[in-house]
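Chemist: Next up is a structure, given as structure tokens.
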Amino acid sequence: MIPSYVPPKYKVEVDPNRCMLCERCTIECSWGVYRREGDRIISYSNRCGACHRCVVMCPRDAITIKENAISWRSHPLWDVDARVDIYNQAKTGCILLSGMGNAKEHPIYFDKIVLDACQVTNPSIDPLREPMELRTYIGKKPKQLEFEFVEEEIDGKKIKKAKLKTKIAPNLKLDTPIMIAHMSYGALSLNAHLSFAKAVKECGTFMGTGEGGLPKALYPYADHIITQVASGRFGVNEEYLMKGSAIEIKIGQGAKPGIGGHLPGEKVTAEISATRMIPEGSDAISPAPHHDIYSIEDLAQLVRSLKEATRWKKPVFVKIAAVHNAPAIAVGIATSDADAVVIDGYKGGTGAAPKVFRDHVGIPIEMAIAAVDQRLREEGLRNEISIIASGGIRCSADVFKAIALGADAVYIGTAAMVALGCRVCGRCYTGLCAWGIATQRPELVKRLDPEVGARRVANLIKAWTHEIKELLGAAGINSIESLRGNRDRLRGVGLNEKELEVLGIKAAGE
């Protein structure tokens, strides 16, 4: 066996003066960090991923987890991450997997954008005393409305009434511009999905199925679910397409642009096998491209095929990763008869991605939103398609800024998981999530109570919604529609001229 030259990333300490040997830590840890030996608890720090399950559950607060303060020899080129990756690949000969989004110290542009507020000459609006409209419609909007007048006889009198002549495309109605992103059944547990489904139903918004199909337990919430068609076509049939309120074609993902999804066979249980329509225990590997899409014309054919299969009653979205030519791709999507384009930034999370893709491929979501919105406006197509932004949305201010940059709504994924208890340890792909979120092991899944999870996620969405109303009021705006693409209300701090140009905003003080 080839030895590992990588020291433990974290140091686990159990205070013997506080520990009462209840062995709760040995039960709660799914990684095998703890073992009792006589009258003490032994910890194996090399197995710890800092998921904090043991820390939270310890009744005596006896456990401490710290980053292992090892003094690596400093070098301007060969940083610690580069050396650790080489050690691991020299040991395994494999592609390194990771979870979550880009972990490099690239700029987070949301943090370099500040918001405007009204003062004196342009008074603010008090959302506690005046109505604020956050309702959002996702789908095609007509350029103009045409009416025709028809005569109706009422009480013996002929009266002319205006009747809408323009045909309105199907739209999704959101009570808040926050949706829960596509995370598949298989990558996440059924209890995690039930938590999300109950929460979005309560909040009047939507969640995505991911590419893992729709388990029957979620059928009661289908009115608040967006189904997904990915390159693997897992679980896709007419019943699946008809169940959801909309359909999303997944072309790319922000955490791993250019490649397909991967669900390890150990996560493919009998239930997931039935839902995905694949053999139990087999790896679910999606192809990198859709093998029936090699051009915008091919994409248009799939969009129309899905609309025809659902009797033209459901909007169809197309999801792409935020890449260099995203604006040109978005124009093509807008002309393909799709109703919305979903742009996923490189900070977007994932259950499993090659580390080299996660950390080096794609562009920031902030740049992609602004560039796509501007290009669609220049082409006269902005009303033809909605923009949904995802990938690195952490708080209500990020939602507000994303919409001001040009999005209609946002998806949140990691934030929703954190609400359930996720510690962002990045080891989702192992299937050993101690919080019952990214696992299929029954003894771990049952740790997540769907009722409690739903309450936590709904509380998060409601809290963000209240904060967005407050921010709108401070900006003197009473409708989320008036914020969309309103980049005049944004200013940049510490950005160069080119960055400001791409974002379409001015520097602070201008």
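Placement of Cβ uses the backbone N, Cα and C atoms for every residue, glycine included.
Annotations per Swiss-Prot:
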- 10-37: domain '4Fe-4S ferredoxin-type 1' (DOMAIN)
- C19, C22, C25, C58: [4Fe-4S] cluster 1 binding site (BINDING)
- C29, C48, C51, C54: [4Fe-4S] cluster 2 binding site (BINDING)
- 38-68: domain '4Fe-4S ferredoxin-type 2' (DOMAIN)
Chemist: Specify the nearest of the binding-site residues C29, C48, C51 to C58 ([4Fe-4S] cluster 1 binding site), where nearness means the distance between Cα atoms.
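Modeler: Of the binding-site residues C29, C48, C51, C29 has its Cα closest to that of C58 ([4Fe-4S] cluster 1 binding site).
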Chemist: How many of the residues that make up the domain '4Fe-4S ferredoxin-type 2' (38-68) does DSSP mark as helix, as strand and as coil?
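Modeler: The breakdown for the domain '4Fe-4S ferredoxin-type 2' (38-68) reads 8 helix, 9 strand, 14 coil.
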Chemist: Short question: which residues 6 or more past the ends of the domain '4Fe-4S ferredoxin-type 2' (38-68) have a Cβ under 8 Å from it?
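Modeler: Distant contacts of the domain '4Fe-4S ferredoxin-type 2' (38-68): 7-16, 18-26, 28-32, 423, 425-427, 433-435.
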Chemist: Between the binding-site residues C19, C22, C25, which lies closest to C48 ([4Fe-4S] cluster 2 binding site), Cα to Cα?
Modeler: C25
Chemist: What three-state class does DSSP give C25 ([4Fe-4S] cluster 1 binding site)?
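Modeler: Going by the DSSP assignment, C25 ([4Fe-4S] cluster 1 binding site) falls within a helical segment, counted as helix.
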Chemist: List every residue in the same chain as C29 ([4Fe-4S] cluster 2 binding site), at least 6 positions away in sequence, whose Cβ is under 8 Å from its Cβ.
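Modeler: The answer is R53, C54, A434.
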Chemist: Average pLDDT across the domain '4Fe-4S ferredoxin-type 2' (38-68)?
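Modeler: For the domain '4Fe-4S ferredoxin-type 2' (38-68), the model's average pLDDT rounds to 94.
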Chemist: Distance check, please: Cα of C19 ([4Fe-4S] cluster 1 binding site) against Cα of C51 ([4Fe-4S] cluster 2 binding site), rounded to an integer number of angstrom.
Modeler: 20
Chemist: Relative to the Cβ position of C19 ([4Fe-4S] cluster 1 binding site), how many further Cβ atoms are located within 10 Å?
Modeler: 19
